[in-house]
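Undergrad: Quick one: the structure is below, questions incoming.
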Amino acid sequence: AEGCLLTYISESCPGFLVGFKSERRPVIRAKVVGMQEVDSGNDVYGNPIKRLRFDVKQMKMFKGPTQDIDAIYTAPSSAMCGVTLDTDGKKEYLITGKLEVDGTMHVTLCDFMEQWETLTAMQRKSLTERYETGCDCRITRCTSIPCMISSPAECLWTDWVIEKTVNGEQAKHYACIKRSDDSCAWYRGSAPPRKDFLDIEDP
């Protein structure tokens, strides 16, 4: 996974940080204002495929298509990796997902969805100012001790092995950024990295 726009994959999936380099991976801030079950074609046996459609009011697009996203689609149950969101329009979410060829946005349990108010200052600031500096970096997930990186262009992600959560200190407060020698390192703080950090200062 790259160090570009960082998010995580949930515990139900192989947990690790992922980058949202692709334009087909939109990142939006939105309120959910409604939900309905819809048909989305048939499976190979001719049985109808159901999806939940969440109607959303997009507040901001951090990454994605030029047009606003007014709905997101998911499977009808968590057993099928479907998500559950409050639909009263009061809570704002940061939502990531996948843009299908027909232009619709689909989300699963493996996508990052958090209430906006629960994001740390680092996470919010990094959405527009920090994560893009790590687009050439790679996040390597540590699942057991010992673990190590195989390239200087990697950052070792240890939240899961140390804290048993994918939303630990690194995910909340750090960004993996590229330094002047093309190596990558974790950076903490809402201020822009100092030149001496970028010029090979230990993080």
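The backbone N, Cα and C atoms fix where each Cβ goes, and this holds for glycine too.
Unlike curated records, TrEMBL annotations are generated automatically.
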Undergrad: With reference to TrEMBL, specify which of the listed residues C81, C110, C147, C184 is paired with C137 by a disulfide.
TA: C184
Undergrad: From the list C135, C147, which cysteine is recorded by TrEMBL as disulfide-linked to C142?
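TA: Here TrEMBL pairs C142 in a disulfide with C147.
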Undergrad: Over the domain 'NTR' (4-135), what is the model's mean pLDDT?
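TA: Overall, the domain 'NTR' (4-135) comes to a mean pLDDT of 79.
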Undergrad: Just name the winner among C155, C176 (the disulfide-bonded residues) by count of other CB atoms within 10 A of its CB.
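TA: Counting Cβ neighbours within 10 Å, the top one is C176.
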